[in-house]
Amino acid sequence: MPLRNAPLLRARNPLAKAACVAAVSAWASTRSSDSGRSAARPLLHVAVDPGSLPSDATGALFGDIYTAVSWPLLLGTCALGWLTRPMSNAKVPRGFHEFQFRYLIVWCLAITADWLQGPYVYELYASYGWSKVDIAKLFVAGFGSSMLTGTFIGSVADAWGRKSCAILYCILYALACVTKHFNLYWILMLGRLLGGAATSLLFSTFECWMVGEHKRCGFPDELLRYMFGLMFFVQYLAAIGAGLLAQFAASSLPLTHLGASTWYGGPTTPFDVSLAFLLIAIPTISFLWQENYGDPGEGGCDGVVQIASSFKAGCQSLSSDWRVPLLGLVVAAFESSMYVFVFNWTPALDSASIAPPHGLIFSGFMMACMCGSSLFSLLDASVQPIKVLWPVCLAAAIALACVATSLWTGASEEWVFGGFLAFEACVGAYFPCVSTVKSQIVPEETRAGVYNVYRVPLNLCVVLLLLADLELQTSFTVCTCCSSSQRSRLR
């Protein structure tokens, strides 16, 4: 279908028109990507038997499956997003809109650069010919790097300055993007380590700068809650758009051998687009942000002592209330299943005939996640979050059981994709729900320490599940057991 004939392009709203152009372009790229990628997939993890290729009509139908789901999902996401859009009745003081613009434009660039790297990271490593075990080690390295740096990066940002560390995030992530062009394992490993450290900076430094600048300007606390709502709203929109943009970018050029161990095009292209966003973000941060710091004495050696004492206090809090360690087990079980999903969704949707549109699929996941979050926001305030958390965990277990069953029985990818969408919707509802439960159960004076203690079993579960080299169906069966076991703990 020519783009000029797409009926949705007649939208009068410029933003709606731009969104439709991006979505239809991504749809069109799924139609043209197969022939463009054929020359770039000799190293791919799926061997395509020419005799098993479907007819053109069947191939077109398969290509339409993800698109057919994406359109109604997009409409539902827009409707729920509009109903739950961040709003505030507080009087807006002078300078707030300028502050809002300065933060959100930078946040949008930074978070989009991160989301752009999600859809094709597994596909890239597999296209280079690395085995699942090798790829698992790369994922664990990135996860471990983020885990280790996350324990002290907040103190470092407080001491060095949040603006400086935001620029450091861009530099580290830009270097990580460059490493994706080299099919050398040690360079790819270096990229994962840099990316893990950058992710820790992303989810600590930017928020800390916003809170510090908000307080420095003397804006009311009600507007701070409004800013947090806007931040997460922009994050979801950026994730959806990043998936579509990654799909278009990956389909624009075939994966091509440049020389030695260097490649370009194909699944490396989304990382180049991410690199462009990061390079734009550096001067934007430099010109729009002022430097701010944490409280004196929070960095350096004092920061290390503070982390150690906080962790000790967190361990002591586990014995103060039986619900505190129980909630930690729930967090470890659910979130480890989520990380295993992040690793396994690409090979689970693999096809021996057609390469799935990973960017479009990723956008679908993010839309489902936003729908789940919006549905939780629409619940009546009188509903106790703990009463919502166990049905969410049960629904997630059922979704993963559907995926595991489909893989065991060899069912079509549509069932696997449907299970993944349902699980992502549960993930979207889980995070605001569990955050509220943690705020009610975990003592305020030991909150940071308890959260760090929660990371220990979570990290252990993730590392064991990823490095165990389980079959896909076995992996999702284990995740189903983890998610379903939370239901009995919460009731």
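Each residue, glycine too, has its Cβ placed from N, Cα and C.
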TrEMBL annotation (transmembrane segment) - matching range among 10-29, 270-289: 270-289
Proximity of the transmembrane segment (326-346) to the transmembrane segment (166-187), 3+ C-beta pairs under 8 angstroms: no
Intrachain neighbours beyond the transmembrane segment (388-409), with Cβ under 8 angstroms and 6 or more residues off its ends: 330, 334, 337, 341, 348, 376, 379, 415-416, 418-420, 422-423, 425-427, 429-430, 433-434, 437, 472-473, 476-477, 479-480, 483-484, 486-487, 490-491
Stretch among 64-83, 104-122, 166-187, 358-379, 415-437 sharing the most Cβ pairs under 8 Å with the transmembrane segment (193-211): 166-187
Intrachain neighbours beyond the transmembrane segment (358-379), with Cβ under 8 angstroms and 6 or more residues off its ends: 26-27, 30, 66-67, 69-70, 73-74, 76-77, 80-81, 83-84, 115, 118-120, 123, 232, 236, 239-250, 267, 270, 345-346, 349, 388, 417, 420-422, 424-433
